[in-house]
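So that you can see what the record holds, here are the features copied from TrEMBL:
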- 6-23: transmembrane segment (TRANSMEM)
- 35-54: transmembrane segment (TRANSMEM)
- 60-75: transmembrane segment (TRANSMEM)
- 82-98: transmembrane segment (TRANSMEM)
- 104-123: transmembrane segment (TRANSMEM)
Amino acid sequence: MVETLIINIVLAISGAWLTYHLNKNLKLGPVRASGLIAMLVGGFYQFNTWFWHFDLPKDIPFIVIGSTFIGMISSRKHFKNFNLFIAPIIFTLIYQNISKEFKGFGGALGTAACISLVVTIYLRSLRPIKKMIRPFRKVKVNTMKKMNKGEKNI
């Protein structure tokens, strides 16, 4: 179970990174980059029937294709590639735990990718506690320095 989860997370991260870099560096565009990866993974999975005997790969095409949706986001939304690393992990967890709930509904992969991106964009927008405390800490340090320089304590 854990090995499957780790392999799926690695595949999801690589699918998102590859889509993003095909889009950004090779200027293929987000739809073409995602489609190219989907065709490669789907074709490999379809034509290599020896792969079907294992339990592991039945979700591989879905996870890679879903992670390409994460890589399709514009480069302005990837803050120092934070989203490209965290969003596929969240996507894999959502897909493995909730994908059975989306039976009969279209767009389960896109919905899971959207939820994971919204969560990571929100996580990135949070300010660390140190940045909120730092201004108050400087005030206390400055007042202590002034007291030590020559002001008399009352």
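Glycine is no exception: its Cβ is also placed from the backbone N, Cα and C atoms.
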Go through 6-23, 35-54, 82-98, 104-123 and flag the stretch with the largest number of C-beta pairs under 8 Å relative to the transmembrane segment (60-75).
6-23
Chain residues outside the transmembrane segment (35-54) and at least six past its termini with a C-beta under 8 angstroms from it:
15, 18-19, 22, 28, 60-61, 64-65, 68
